[in-house]
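Database features, via TrEMBL:
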- 20-40: transmembrane segment (TRANSMEM)
- 46-68: transmembrane segment (TRANSMEM)
- 94-230: domain 'Palmitoyltransferase DHHC' (DOMAIN)
- 144-168: transmembrane segment (TRANSMEM)
- 188-217: transmembrane segment (TRANSMEM)
Amino acid sequence: MAQHSRSHGFSLPLHPVQVFSWIMMLFNIAVVSLVYFPSMNLYSKISFAVLFALSQIFVIFFAFRAIICDPTDPMVHEHILKIINGERDEPKGNQAFCTICCCNVSMKTKHCGQCNRCVENFDHHCVWLNNCIGKKNYHNFIKLIFALEFNMMVIFSYGVSIIVYYYNDYDSYVSDIKEVVDYADKDAFIVLTYVVTIEAMIAILVDGCLIILHVWLRSKHMTTFEYILKKRNAKKKKKVKTQVADVKENTTVLWDEVTVSYMERKNGNAKTNGKGEDIKDSPEDIITNEAVQLNSNSEGIVTIYTERWVSL
């Protein structure tokens, strides 16, 4: 059975991380409304209400737009329409071909395995949005992470001010809470304040790193996908260089030993192999055996040294 292609971030099944982000957002709104506000004076309430409400609205707005967007390459939809109309999809210049979708796509289009679709200018697949980030929703994604950073800064800064207020003027803090909620548990209030403040601090650090990464990627005219591929290729090249160095080291040792063995044979000491060991093998056997012992994957080395033996 063919895998279902996701059209947007609300397509089922929802990703667990996406659902978790919604729960955390509702939790933050609840704590801010029921715990933060009663702990503030009038001026703090007004300033916090404006900053938090605006930033939260922007977060929800840009998140919704990034989630509901279908970043699929338009050429895929054109291909489907041509098939329906009985037309041929002739390849044009500067196009790639997706062997999974079986159609022509743009050069920077990549096929997302999680969404099972070709995404134009593919950047990455975001599990928090349950959607691919590409040409159509990249700008909304960038606006979202900036709005989220500001939203978390508001929560963190006011949370810190409440904690300071709690320790500096405990009696006034308790009095402010009980004026709004008579049954309020002061210990529970400050614990919840700590939880949300620490959560906001972690989000600021993580989201801040993400912002810095994307600002840097934009300055380099790279996508996240291209950056990951570049790092992966660099790691592979480093591994290959290490393997080549090991092979060179092994071949040097092998050649030294074989040369000594040959010279001893040439001088009439045909019963030793350069190590004082009795042998009955031919020169080619000596090379082959020692090469295999030094490196089980040195098939090329054996061939090289057999040729060099003959040249002697």
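Just so it is clear, glycine is given a Cβ too, placed from its N, Cα and C backbone atoms.
Just so you know, TrEMBL annotations never went through curation; they're auto-generated.
Across the candidate stretches 20-40, 144-168, 188-217, the maximum count of CB pairs under 8 A to the transmembrane segment (46-68) is reached by 144-168. Remote same-chain residues near the transmembrane segment (188-217) are listed as 24, 27-28, 31-32, 35-36, 38-39, 142, 145-146, 148-149, 152-153, 155-156, 159-160, 162-163, 166, 177, 223-224, 227 (criterion: CB distance under 8 Å, separation of at least six residues from the stretch ends).
Predicted-model confidence for the domain 'Palmitoyltransferase DHHC' (94-230) is 90, expressed as mean pLDDT. Residues in the domain 'Palmitoyltransferase DHHC' (94-230) partition by DSSP class (helix H, G, I; strand E, B; coil) as 83 helix, 20 strand, 34 coil.
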